[in-house]
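Everything below concerns the one structure shown next.
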Amino acid sequence: MAAGGLSRSERKAAERVRRLREEQQRERLRQVSRILRKAATERSAEEGRLLAESEDLVTELQGRSRRREGLKRRQEEVCDDPEELQRKVRELASAVRNAKYLVVYTGAGISTAASIPDYRGPNGVWTLLQKGRSVSAADLSEAEPTLTHMSITRLHEQKLVQHVVSQNCDGLHLRSGLPRSAMSELHGNMYIEVCTACTPNREYVRVFDVTERTALHRHQTGRTCHKCGGQLRDTIVHFGERGTLGQPLNWEAATEAASKADTILCLGSSLKVLKKYPHLWCMTKPPSRRPKLYIVNLQWTPKDDWAALKLHGKCDDVMQLLMDELGLEIPRYSRWQDPIFSLATPLRAGEEGSHSRKSLCRSREEPGPGDRGAPLSSAPILGGWFGRGCTKRTKRKKVT
């Protein structure tokens, strides 16, 4: 035994005492918790004394309860009543008209109307998985740009929106006709694969989801570059990764747009990820010089307290009202005019079997090149960029 130290038996005895005290504390915590769940009128005199003797535990448990309730409220969807929403839209329309440089940030909420589930909403993928429910999604190739996507494109055409920064990988901004120079797809695009061996990187736009075989830190798609023969990779930025590609992420343009913006409109984003990108919020500027923030979302966001206006409504509903207020017609999406068909690089001979995803086609009846008859209806989510997002949560659960 070292001088001044404890013997092995003394250390064991001290450890037993420590564990006993911890167990006694846990039991007392359980007792206090059970008592607090009772109405004050139903508590016995002995229970009242126990609460009085356990002020610290009572304070701790009440704090936990308040935090749980706060988190629950944040997850709830709230809708403004029609009159309130209309009033807010008029205020938003005034901001859009008067903005010198308006940037739009978009999230999964603008694509739910296209049957692409979000992650965090009440019917979102992670929410359902946490409840132990199965998750399915319609074939993503069946998704089409929503009213919100088409409205944003029209606003850009009218020079009311200067740039769009999107978290979505679904390619619907591209397919709505928004110029690629006017958008930054921070987390990639499911229709684009690139050759990083070429300088500058060579892009291949496809008419199918290129992410079928890719995953976190494993981005090769199995196809090769037509010029140098190098392996092609997808452009998706998975949870836990840092995007390094120039396009379609276009971080340089996103950062420049944010620095110029005097107004930012956030549509359908929880902002839980975007808030971590400081360059998008100009927080180094004094408050008076930061862009005014307008948020459209049904749930709480961490930027609500910074917003000049928060609109609780579905994106399509708000954008319909906004476009009416601005006197602008919303263009209809047409598959025949979808830009992806003119941008796409066809597969070479021998590459037709390199994927099993359903290809986009100008007519719904027309089979896409290289198709293997993927189902059109809802099906369990398997692989690809969306499926990988789902497994982020399912892997946390142990299968017994």
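Cβ coordinates are placed from backbone N, Cα and C, and glycine is handled just like the others.
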Of the ranges 1-28, 57-84, which one does Swiss-Prot list as region 'Disordered'?
1-28
Between Gly107, Gly268, which of the binding-site residues has the fewest other CB atoms within 10 angstroms in the structure shown?
Gly107
Positions on the same chain near the region 'Disordered' (1-28), where near means CB under 8 A and six or more residues out:
54, 57
Beyond the site residues Cys195, Cys198, Cys225, Cys228: chain residues whose C-beta lies within 8 Å of the centroid, for Zn(2+):
Thr196, Ala197, Asn201, Arg202, Thr224, His226, Lys227, Gly229, Gly230, Leu232
What does DSSP say about Leu298 (NAD(+) binding site): helix, strand or coil?
coil
